[in-house]
Amino acid sequence: MIALHFGAGNIGRGFIGALLHHSGYDVVFADVNETMVSLLNEKKEYTVELADGGRQTEIIGPVSAINSAVQEQKLYRLINEAAIITTAVGPNVLRLIAPSIAEGLKRRTSSEPLNIIACENMIGGSSFLKKAVFGHLTEAERELVNRTVGFPDSAVDRIVPIQHHEDPLKVSVEPFFEWVIDRTGFAGGQPVLKGALFTDDLTPFIERKLFTVNTGHAVTAYVGYQRGLKTVKEAIGHPEIRRVVYDALSETGEYLVKAYGFKQSEHEQYMKKIIGRFENEYITDDVTRVARSPLRKLGANDRLVGPAKKIKEPNALAEGIAAALRFDYQDDPEAVELQKLIAEKGTSRVLQDICGIQLHEPLHGIVLKKLNQ
C-alpha cells in the first residue's frame, strides 16, 4: 500500500511519515526541495529521535521521494496508486498543491477508495483542501471524485521545533503526539492508521487543542518575550509567567468543560501535561518562533481572543492578548505591521479591526487596562 505524503519537512518526516510507516504503508514524500528529495532517495531511510532523557531513536524506511514541481507525471501515477494521501505543508501551501492533486484525481482510473487528509495546524484543513481541489474540477469531475475519494478532517498535535543536525534527514520530536481524525469523512472503510484516534465529532478535540496547547504556547511566548526571555522553556520556568499561563488555561478549561462535557479532573490532568510539554528541557524553541504571525494569532476566532470572548472573566487571557499587542520583533513582518497599525490607528481601533473586540464588549476594556498596567 502506498501512502503519498506532501511535505518532507520535519513534521512530515518526524510525525505523519513515521506514523504512516508504522501503519504498514510504503511512504513516498512529495516535496519541491530537491536537496531533501535527493537525500531521501539516496538514503532511502531517516532517523527520528525522541526529545527526552532517553534519546530513543528509530530508523524509518524504506522510503522514497519525488519532486512534485518537476515530476508531474510520476505524481499523477502515485495519486492513482495511493491508498492514502496526507499533507504537512502549512496552511498557506494547500492552495498551491491543490491543482496537482486535482489533475491527478482527473486522471485516476482506480476504483478503490482514496482518502486525502490534511494534517495542518488549522481547523478544517481537509475541507479547505477539498474546496481548493474542487475549484479545478468540472461539476461532472466533482461527482466522480466524490464517489471514491474522501477528505476527512483531522486535528494534529506534536511539537517539532526548528533544529539543526549533522545528518539533514534526522529529526527530533517530542514523545507526545495526537492525531484525531473525523471517521465520518472517510470514503470506504476506516484505514489502518496506528496511533490515530477516530471520532464522530472532531470539534471538541480541535477546540481543546487550540484553546489549551496553542493558547498556552502563545501566552508563554508573548509574555516571555516581554520579559526578555529567549526560549519557551525559560519562559514557562519563570514563576510569574507560569502563573499567567496556568490561569489562562484554567479560563479556557472552564469553557471547554462546560461546552463539551470533558471531566474537570481529566481536563486538569491534560492541562498539566501540556504545561509539562513546554518544560521539556530537550526541546529548544525560541519564543520569537512561537509568537510569530501575531496578526493571525490575534484573530477573533484564534487561540487568544477566541476563548477570551467565551468566558466571563478572562483576566489571564487578556494579559496574553496585551502581551501579543506589544510583540515588536523586527524580523517578523506581521509584528512590524501590527506595531505600524497601532501607531497609526491606536490600540482601541486595532482591537476592533484585528481582534474583533468591539467597544461595548467588556474584554475591550480589560485588555486596555492590562496594557496600561
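From the backbone N, Cα and C atoms, a Cβ is placed for every residue, glycine too.
What Swiss-Prot records for A3, L4, H5, F6, G7, A8, G9, N10, I11, G12, R13, G14 is NAD(+) binding site. Take the CB of I11 (NAD(+) binding site) and look out to 10 A: across all protein chains shown you find 22 other CB atoms. I11 (NAD(+) binding site) falls within a helix when secondary structure is assigned with DSSP.
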Within the same chain, the residues at least 6 apart in sequence whose Cβ is under 8 angstroms from that of G9 (NAD(+) binding site) are D31, M36, A88, V89
Assigned conformation of A3 (NAD(+) binding site) - DSSP reduced to three states: strand
